[in-house]
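The structure appears right after this line, and notes come after that.
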Amino acid sequence: MTKIRKIFTFLLRLLALAATLSATIVMVTSHDSVNVLNLTFKAKYSNSPAFMYFVIVEAIVSGYNLMILFLASKGSLWRMVIILDVVVALLLTSSMSAALAIAQVGKKGNTHAGWLPICGQVHKFCNHVTGALVAGIIAAALYFLLILYTLYTVLNPLFVVKP
């Protein structure tokens, strides 16, 4: 039974690694430009601190996940992994929130502040950002599932009623 748990945990971590890595790559490659009245406006992820925060967090989580995949499951550091997983899930959630807020402003604008939407002019950029955000949401969901599964496997023996 423990072998099945290890395989399931490994697969969850591998999927989370794929999601965070793809979110990082897609966001970093997001750029587009548009000419308006003979002026060129460039849209890229590095223009927004929220998108940069998103990329940094996704890259850190990718590196962390890669290290954890090669960590021996019976080592003394494994006890800290659940705490680090919770921290990683919180970082993913905070970066997603920041990036989604900026993406919403880019898509819909803000009439109260006088900010116009930009997605009508830079379609390629907005499509890349949307793809990166979807991959980031999948990564966060996988981490929450991983935390729930780990808590279940750790706490399950405590709730078993012995006859």
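Using the three backbone atoms N, Cα and C, a Cβ is placed for every residue, glycine included.
Look at TrEMBL and you will find 6-141 tagged as domain 'Casparian strip membrane protein'.
Counting same-chain residues at least six beyond the ends of the signal peptide (1-23), those with a Cβ under 8 angstroms from any Cβ of the stretch are 54, 58-59, 61-62, 65-66, 68-69, 73, 92, 132-133, 135-136, 138-139, 142-143, 145-146, 149-150, 153. The signal peptide feature in TrEMBL is assigned to 1-23.
Annotated transmembrane segment per TrEMBL: 50-70 (among others), in sequence order. Note on the transmembrane segment (50-70): residues 10, 13-14, 16-17, 20-21, 23-24, 27-28, 81, 84, 88, 91-92, 94-96, 98-99, 101-102, 129, 132, 136, 139 of its chain, located 6 or more positions outside it, place their CB under 8 angstroms from a CB of the stretch.
As annotated by TrEMBL, transmembrane segment applies to 82-103 (among others). With a cut-off of 8 Å between Cβ atoms, the residues of this chain six or more beyond the transmembrane segment (82-103) that come close are 20, 48, 50-51, 53-54, 56-58, 60-61, 64-65, 68, 126, 129-130, 132-133, 136-137, 139-140, 143-144, 146-147, 150-151, 154.
Outside the transmembrane segment (132-155) by six or more residues, the chain places 5, 8-9, 12-13, 15-16, 19-20, 22-24, 26-27, 30, 54, 58, 61, 82, 85-86, 88-89, 92-93, 95-96, 99-100, 103 with a CB less than 8 A from a CB of the stretch. Sequence annotations record features per position, and here TrEMBL assigns transmembrane segment to 132-155 (among others).
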